[in-house]
Amino acid sequence: MDAQSSAKVNSRKRRKEASSPNGATEEDGIPSKVQHCSVGLRQPAPFSDEIEVDFSKPYVRVTMEEACRGTPCERPVRVYADGIFDLFHSGHARALMQAKNLFPNTYPIVGVCSDELTHNFKGFTVMNENERYDAVQHCRYVDEVVRNAPWTLTPEFLAEHRIDFVAHDDIPYSSAGSDDVYKHIKEAGMFAPTQRTEGISTSDIITRIVRDYDVYARRNLQRGYTAKELNVSFINEKKYHLQERVDKVKKKVKDVEEKSKEFVQKVEERSIDLIQTWEEKSREFIGSFLEMFGPEGALKHMLKEGKGRMLQAISPRQSPSSSPTHERSPSPSFRWPFSGKTSPSSSPASLSRHKAVTCDISEDEED
């Protein structure tokens, strides 16, 4: 095999080794997908007092270097994380996820403090201890739950549960007369720091509820809870009911306003359409009117043509200028029929008037 072919084989081997189970490689810039795994997710994590431990075998704690390098499958690194876990939220889950992923082979053990210890050292809780135990049990990152965990970890407790490391955020936790309850754990080299999730905590959730207390009280009253169950006084109960009615009226008014705005908008759009249509029709009407009655309209041409025909029909045709003119003979004198007698002789004045009238009639006929 020559050098070129061997280089190709080696490059294929490197790409195959670098590829993920689904075929994606880092060179391609495609993040590899995580394979689906349902092992250990069908049942909640067991309690520590329900697990049988063989104390006859000696337990040797692993070092940080050995834990980071990886341990055999039968010897996982036992990491302990404790807390109150009241109103279990995503911040708790993320902290336990970090504890689970501290080392390649990790067995997380989570301790939950009882109500008595919590009420004495920290304050009242929303959920009781059984509810908090159950919430932690159903977290996918937990392999074992310790009930009634101690507030301060003792060497006896660490040896009893064979704990290798303790996981918690690095912020000093002052309580029980100590500036930091994890100080001796840090000095022993058993502390594995995790990161706190910002923006979410049990105190933040309680603060939100207290801040909007009236809203949640009214909400639960609507859902059937009594004022006694909510620890609400008679006056506040009536106040909440009145506020609810006022809010309903406001909502109706707002709906009416929105509908009226929509109606006005539709009317405006319709009016704009009508105005545009009216303008188009008016232009058509004006154009048709001008075509009929304008200065050069059809009606004027019709009137001119009709006038010309009427004048042609009324006036006689003129004779040609070259033809000789015919003189008419004077019209005979008018006489009454059946009159055999001649009229008496007229006076000279009457004769002259008769001649003048006769001349006028003859001139009119010539014209």
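Any Cβ shown, glycine's included, is placed from N, Cα and C.
Because the structure is a prediction, the values reported are computed rather than measured.
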Swiss-Prot CTP site partner of Ile84, Phe85, Lys122, His168, Asp169, Tyr173, Gln195, Arg196, Thr197, Ile200, selected from His92, His161: His92
Range among 52-73, 272-293 that Swiss-Prot annotates as region 'Autoinhibitory (AI)': 272-293
Stated Swiss-Prot location of region 'Amphipathic', expressed as one of 208-225, 298-315: 298-315
Listed in sequence order, residues with CB under 8 A of Lys122 (phosphocholine binding site) and six or more positions away: Ile84, Ser175
Cβ atoms near Trp151 (phosphocholine binding site) (within 10 Å, other residues, all chains): 17
